[in-house]
Amino acid sequence: MTDLLELAIAGLMSGLVIGLAALAVTLVFGIARFANAATGDTMTLGAYATLGGTAATGSLIAGGAIGILAGAAAGVIAYATVFRKLERRSPVAALLASIGVGFVIRAGLGLVYGHGQQVFQLPLVRPWRVWGIRIQPTDLEIAAAALATLAAVFLILHATPIGRQMRAVADDPDLARVSGIAPRRVMIALWALAGGVAAVAGCLLGIKTVVAPEMGWDMLLPAFAAAILGGIGHPVGAVVAGVLLGIAQETATPWVGFTYKIALSFAVLLLVLLVRPRGLFGRIEGVR
Amino acid sequence: MSIDRRQTLAGLAGTLALPLLGRSAFAQGAGTFRIGALNPVTGSGSPYGTGMQKMILAAAEMVNAAGGAGGRMFEVFAEDTQTNPQAAVLAAKKLIEINKVQAILGTWASGVSLAVIPLTNDAGAILMHTSGAPALSVAPSNAKGLGYRFQATNDRFGRAFAEIAQKEGFKRPATMAFNNASGIGNTEGFRKAWEAKGGKVLEAVVYEPNQPSYRAELQKVLAAKPDVIVTGSYLADTTIILREWFQTGDATRWIIPGWAANPDLVKALGPDVTEGLFSVDSISNEEAPSFQMYDAAYRKAVGQPGLSNVYGAMTWDMVVTLALAMEAAGPGADVAAINAKMRDVANPGGTKVYSFAEGKAALKAGKINYEGASSILDFDAAGDVTPDFGVSVISKGKIERRYVTKI
C-alpha cells in the first residue's frame, strides 16, 4: 500500500509538469485555435533561461522569473513574426508553422548551449518519512511552484479585464470584436501567458530531470494527450488530465510494467474519448 | 492545390531523369575513394561525436599526406546521426545515393547502426561502427560480412561487469536497462555471465527513455534489496536515476558503463552522489605508438587528451585499417576486394605496424598486423574486436582507474 502511494506521488509530480505543459497547449488552442507544437521547445527555452538567470543572479527564484519572461517573450515574438500572418488561414497552416518555430528554437538552443546536458545544481536532500511514506522536500517545492502558477493563470483569466477579454475572444472572436475588444492586445497577452506557463513547465521538468535541447520536444506528446483528455481549450481540464495521466501511468506499473506504461496513458485517453468525445471537461462548443 | 495530369507527368519525368543527372554530375574520379563520416554530433552521443568526426578527417588527411591508399585519396563527407535512427537513415541515404560513398564510418548508438547497416549492405558498402548490440555481429545485419565493430559488444561488456561484480564480492545484483538493443544487451550479457558463475539476478528492470521521473522503476529494483545495481544506460537517464536514488537514502552500489558514468555525470551530480560508483569502459591501446599518434592528432584537433574520448581512437583506427586494406588490395580494387583484406592487415600473422605510413611500407615486404590506437584490433569471424576493460571508481568527484580486466 505504501508502495502504491509512493508511486502515486511520483505520478502526481510528473503529472503536474505534464499538466502545466498541457495548460500552455490548451490556452493557445482555446483562443488562437490551433495545436501549438512549439510549446515543448518554449519549455526548453524557459529551462535554459532559468539556468542562465540562476547562474547570473545566484537565486533560483530570480532565475525562474527570468525564465518566465523569456518564455513570454518567445511566445510574443513567435506570434508577431509567424502566427499573426497565419491568423485567417486554416489551423493546419499554423500547426505546421509551429513545428517550424519549435525547430528554430531547438536548433538555436543547440547552437548556443551545445547538445550536452546541463543540470540545476540544487542541494540533494533525504526524504521525510510520514507514516512510512517517503516524501521528498523538493517535490513539495515543485508542487508549490506548479500550484502558484495555476493560481496566477486562473486569476489572470477570471479576475482581470484582459482575462475576461481573452475568454470573450475564445468564445466568439467576431462578437468580441464588435463589442470593442481589440484582438491584437488579447493575442499578445495570450501568447505571453502561454509562453510563461510553458517556461514554468520547462523549468520544473529541468529541475526534475536534465536540461537538454530536446527535453521539451520529447514532452509534447504527453502534453497533447493531456490537453485532449481534459477537453481541448479547457484550462482546468488540461491540468486535471495531466495529473490523472501521470498517476495512472505510475500506479499501473506493478501490473503493466515500465515499457507499457506510456501506452497505458493512451489507452486511458482512448477510453475517455470513446465515452466522452469532448474530453473530461470540454463542452461541445469550445471554451468559456 | 490541385495537380492535373500534365503536371503529374512532367513531375514524374523529372524524377526519372534525376538519377541520370546524379550519375553524370557526381561520377567518381579514378583517384578518389569516398567515405562517409556519420557520427553522433548531436543527441546523447554528442559528448563523443564531434571528436569522432574530427579524427576521421584527421586520419584521412594523414593517409592522403602519405600518398593515399592503393593509389587513391580519401574524400570525406561528414554527416550527423543526431543519435537518432531516423535522422541517421536519411543521412546514410544521402551519403550513399548522392555522395556515392563506399564506406560509412563511425556510427555510435546501436539503434543507429542497426538502422544504417541494411542500407550499406544493399549498396555493397562497408560499415564501421562503435555500437554494442550483439545483433550487429550476425545475419541479417552482418550477413554480407561488411560490418566491422571497433567497440566491445554489449555481451562482452556484460561479461566484464560480471567479472567485476565477482571480484568486488557482490552477491545480490539487480539490473536496470534503457529499452534499446544496447542497454538490454549489457544487462542480458551480465545475466548470462553471472548465471554461468552460479549466481542469480534478483531483479531486472527495463525502462523507457525521456521520462520525467524514474522513481517507480527504482522502487521496483530497490524492493529486491540488491547490493549492487548493474546498468545498461546513457548519461541523461543515469543522471536522473542516480539523483532519485540518492534521494531515497538507499546505499546500494552501482556498476555503470563508462559512456554514462563519465566526467559529465560527476559534474551534474556532484561528489556525494557519485561516491563509490564503478565506471567500466573498454580502454584504448594506451601504451601503443599508434595511440601516441592518435593522441597527438586529438590534442591538435579537439584540444583535449586522446584519453578523454575512447571512440575517437576507434574512428581513427577505422580510417587507418580501411586505408591499409585498400593498400593491400592494390590500385583500383572494388569494395569486395578491399573488404577481403581487412583481417589480413589487422589480425596476427604479420609484421606489427602502428601507423598507415609504416604499414604501407611494410606491405611491400609482406604481411602486416596493424595494432590500433583503440585496441590491438583483431577481428573475429563476426567482425568484432575484444578490447580490455578499465574499471574505475569515482572517489571525491574524480574518476580513478583501479585495474584492467581482460575477458
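Heads up, the Cβ atoms here are built off N, Cα and C, so glycines get one too.
Feature annotations, reproduced from TrEMBL:
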TRANSMEM  A:7-35  transmembrane segment
TRANSMEM  A:55-80  transmembrane segment
TRANSMEM  A:92-115  transmembrane segment
TRANSMEM  A:135-157  transmembrane segment
TRANSMEM  A:186-207  transmembrane segment
TRANSMEM  A:219-248  transmembrane segment
TRANSMEM  A:255-275  transmembrane segment
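Remote same-chain residues near the transmembrane segment (A:92-115) are listed as 32-42, 44-45, 48, 74, 78, 82-83, 86, 212-214, 216-217 (criterion: CB distance under 8 Å, separation of at least six residues from the stretch ends). The listed stretches are A:7-35, A:135-157, A:186-207, A:255-275; of these, A:7-35 has the most Cβ pairs under 8 Å to the transmembrane segment (A:219-248). Count of Cβ pairs under 8 Å against the transmembrane segment (A:186-207): among A:7-35, A:135-157, A:255-275, the largest is for A:7-35.
Using a Cβ-Cβ cut-off under 8 Å and counting only residues 6 or more beyond its ends in the same chain, the transmembrane segment (A:255-275) has close neighbours at 222, 225, 228-229, 244-245, 248-249.
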